[in-house]
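Look at TrEMBL and you will find 489-510 tagged as region 'Disordered'. For 21-40, 52-74, 81-99, 105-126, 138-159, 214-235, 298-318, 340-358, 370-389, 395-417, 429-451, 457-480, the entry in TrEMBL reads transmembrane segment.
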């Protein structure tokens, strides 16, 4: 096997929870990508205008961000975390089943807001749990976790595609004129952000003819094993209410994974260190409490902020590129045929998924800091070449694939790197997830307004600027890493299973 026996044994001991968290992230990916291609059929179903139905995007993204901020609330015990994951994954299946019954756009927006909250909780809790279980070995498992997001994001549009309407799904006197624009409009509605569609005239009244309900019911069935898997993990841990077992602390899996580690006598005899082992990984509100800042050095804050800013830029690039690459391609000077340009978002997400798959074995041999460096430099170079060869259609496809590969492993690598700097005692997971979510939402709105005012070429210029900022913030992160207080010298740094116990200088205490 390409990983050593120690990591393999650790994985076997935590096999069921690890597979469960991976499967829950599949639910996240399944839910994040279906809205774009099905939005026109949902417009017909709710008999709403395009400007009204596109608010469903906002309700999902905003509540996803809110759920990411609040997800850490459930970190205090393993039981709370698993019940939150069970409720969230079950909610996603229910959302898929309920969407065909939503015939009002406001009701649909509320349902998608619930899905966004569930996705946000899944995002924070799953990342947090894997980091707590594997700590210094977490990079490889985080790469696999994020592969399942890409896999789900690829699968849901494929499920929906056979059930999408080929012509306008509301039959009226103006159907003939509107139907000719439908393929172009549908390709503009990529998973993350709708284009400017206000100039298209589609009927709002008439007989609704759409079969998209079948796609949502199929996705609900496909997702149903996920909450069942979480329930079985709850059952195994004796946390189902019919059992009277007590809740296990969140680090119980960690302690199980490190049971072969020799225990330091000093570790057992120092009462102040034992609560520290259970600290960190709070929700965003808890992280912002003043009591958590006592004794913290400025480098503690700087690592959190610079790490979040890197992901603010890179995840923002994912959102804005997937959202506007089609619109950029069909405009002058490229003027790509609409059907051909429609493959660009799929190519981008396909190579993100492929990159995450490749990163699973690579992350075992390469340090997270090195992977993040390669990622941000690769993004910067790719945008530079896209600007240089801006008139080449072939290079647009090559650059889209390259950008997907370089962006694919940025989030899990940055999460593993930042948590390693903080010795798994800070709020890095919550802060980074929140920063990435804000970046994805804000940069889409920013780029959309700039393209509207300055033209399609500004799309690549914005990407180049964001790439430069990501590299700059990464440089600052490396600088603060070198200044950050090191662990106690008594620890055996050669053993990744060694618990990270920090000294009293420059590190806050809970």
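Every residue, even glycine, has its Cβ placed from backbone N, Cα and C.
Any TrEMBL annotation is an automated prediction that lacks curation.
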The transmembrane segment (214-235) and the transmembrane segment (138-159) contact flag, 3+ Cβ pairs under 8 angstroms: yes
Closest-packing stretch to the transmembrane segment (105-126), where packing means Cβ pairs under 8 Å, from 52-74, 370-389, 395-417: 52-74
Of 21-40, 340-358, 395-417, 429-451, 457-480, whichever stretch has the most CB pairs under 8 A to the transmembrane segment (52-74): 429-451
Contact between the transmembrane segment (138-159) and the transmembrane segment (21-40) (at least 3 Cβ pairs under 8 Å, separation 6+): yes
Same-chain residues near the transmembrane segment (429-451), Cβ under 8 Å, at least 6 residues beyond its ends: 61-62, 64-65, 68-69, 71-72, 120, 123-124, 127-128, 131, 192-193, 196, 281-284, 287, 304, 307-309, 311-320, 323-324, 327-328, 411, 414-415, 418-419, 458-459, 462, 466
Among the ranges 21-40, 81-99, 340-358, 370-389, 395-417, the one whose Cβ pairs under 8 Å to the transmembrane segment (298-318) are most numerous: 395-417
Distant-in-sequence neighbours of the transmembrane segment (340-358), which means Cβ under 8 A and at least six residues beyond its ends: 33, 143-144, 146-147, 149-151, 153-154, 157, 183, 187, 190-191, 318, 321-322, 325-326, 329-330, 396-397, 400-409, 412
Distant-in-sequence neighbours of the transmembrane segment (81-99), which means Cβ under 8 A and at least six residues beyond its ends: 20-21, 24, 27, 30-31, 42, 71, 74-75, 108, 111-112, 114-115, 117-119, 121-122, 125-126, 128-129, 213, 216-217, 219-220, 223-224, 226-227, 230-231, 233-234, 237, 239, 250
Folded-back contacts onto the transmembrane segment (21-40), same chain, C-beta under 8 angstroms, at least six residues removed: 53-54, 56-57, 60, 85, 88-89, 92-93, 95-96, 112, 115, 118-119, 122-123, 126, 129-130, 144-146, 148-157, 159-161, 164-165, 169, 182, 185-186, 189-192, 194, 202, 212, 215-216, 219, 222-223, 225-226, 229-230, 349
